[in-house]
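*Asks:* Submitted below is the structure of interest, expressed as structure tokens.
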Amino acid sequence: MSKVVSLYLSLVRFISAELTRGYFLEHNEAKYTERRERVYTCLRIPKELEKLMMFGFFLCLDVFLYVFTLLPLRVLLALIRLLTLPCCGLSGSRILQPAQVCDVLKGFIMVLCYFMMHYVDYSMMYHLIRGQSVIKLYIIYNMLEVADRLFSSFGQDILDALYWTATEPKERKRAHIGVIPHFFMAVLYVFLHAILIMVQATTLNVAFNSHNKSLLTIMMSNNFVEIKGSVFKKFEKNNLFQMSNSDIKERFTNYTLLLIVCLRNMEQFSWNPDHLWVLFPDVCMVIASEIAVDVVKHAFITKFNDITADVYSEYRASLAFDLVSSRQKNAYTDYSDSVSRRMGFIPLPLALLLIRVVTSSVKIQGSLSIVCVVLFYLGMITLKVLNSIVLLGKSCMYVKEANMEEKLFQNPPSAAPSRGSSRTHRTKHTREPSAEEGMSASVTTQPTQRDECPAPQIPTSESDQFLTTPDESEEKSLIQVDTELKHGAPKKDLLEIDRFTICGNRID
């Protein structure tokens, strides 16, 4: 009996202890503060991410509008200079400036590819894709996305090789196959990439016009598969920067593809505005799913890798730095090419496809149509100029907030094997302009040609100083250096990261 009573009392004490047991969270204040900051970081991600996405979207829009507005005018000015050259005579050593040569090459590539695109039948391609099964189309669309990334990575190298081959100083020893082979390689690349994007747009058009919308649903679910492939992986700061640039490029490309789909559908329905409202829910669904996937993906990547939301302001400053540096006197690349390298967004194939679709969808007949086209072109120029002015002002503000003004006046990285040594051995006696002088210097001034940079000094290794066996401390330093070399190069600065730079043993 006593055992039963004691068991009952012990059970009562246990239940009483469980009901009245307490604890104090302040005993582990650091842990709970960290958890709260993670929640706040996840809540800040949508706002900071969309600010970066909006800024990057308008950067891509600025580059895209440049192909339609200022590039034809720059090509026209370069051709006028060539035609008036016999009358004016040579005023310098170059017939055309390097930037003008690149503009003319871009113009010729666009013209040749435009005439080649006339031999591609969009209607036949549409019916050929429409006759395929849903699963086959889903596989084709995924293959097209992979092929688009591969084309973008190699295509910008082809264009850069063409520009450098055409503008390389003639005094140097020839180490290339010639301008004409590079030119035809660039024409073939732009043509094939434009066809690839056309197949993507056609597949998306088939998904919009399917009766049960099953293909569109599957294609949208493919975005959520991207979360599974990205969230549960180790990410560094540079990898996240690459992924952010990829998301910006993907969002702008998808919006352009949606515009092409709407144009083709409106043409088929004789530009009936009622049909636009039929397409509107599907367009909103695609855009909403794209935004939701980006927000969820970035929120959990930053959570699992302990990355703060302030990193997106650094990314924005890095993109702004490209825009500001392209306006400096020591600029070494055009801004459109800089965006292509940074984000993997090459505007020429996409612009070529849009021109092909618009010219085949819109018929110009009569003087009134010509006047409308001229007014539309002037409106695009106005939009381009206003967008450039606003972006330049915002970029200067972002660069100043990030304290990156001094980097604007540093020499561009040379092609030497060791980048770190070229920074270390840079001369200290040259006076660099202050930040205020540089920012106040006109960003519209023409870039000046630099003198040839002196050959970079060869970095000497610490092991070259040893004539005998090193002591214990020196041996430890050598082992540490050797370990760093085995495990990889030091982390790169954000300004050195483009879309296809390998960071952390992979490209995101």
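Yeah, the Cβs are placed from backbone N, Cα and C, and that goes for glycine too.
Predicted automatically and left uncurated, TrEMBL annotations should be read as such.
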*Asks:* Name the residue range among 75-92, 273-290, 345-362 that TrEMBL annotates as transmembrane segment.
*Replies:* 345-362
*Asks:* Restricting to the same chain and to residues at least six past its boundaries, which positions have a Cβ under 8 Å from a Cβ of the transmembrane segment (108-129)?
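*Replies:* Sequence-distant neighbours of the transmembrane segment (108-129): 67, 137, 140, 183, 186-187, 190-191, 194-195, 198-199, 202-203, 205-206, 264, 348, 351-353, 355-357, 360.
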*Asks:* Please indicate, using numbers and ranges, the residues of the same chain that are 6 or more beyond the transmembrane segment (179-199) and have a C-beta under 8 Å from a C-beta there.
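*Replies:* Counting only partners 6 or more residues beyond its ends, the transmembrane segment (179-199) has Cβ contacts under 8 Å with 105, 108-110, 112-113, 116-117, 120, 122, 125, 129, 140, 144, 147-148, 151-152, 154-155, 158-159, 161-162, 165-166, 253, 257, 346, 348-350, 352-353, 356.
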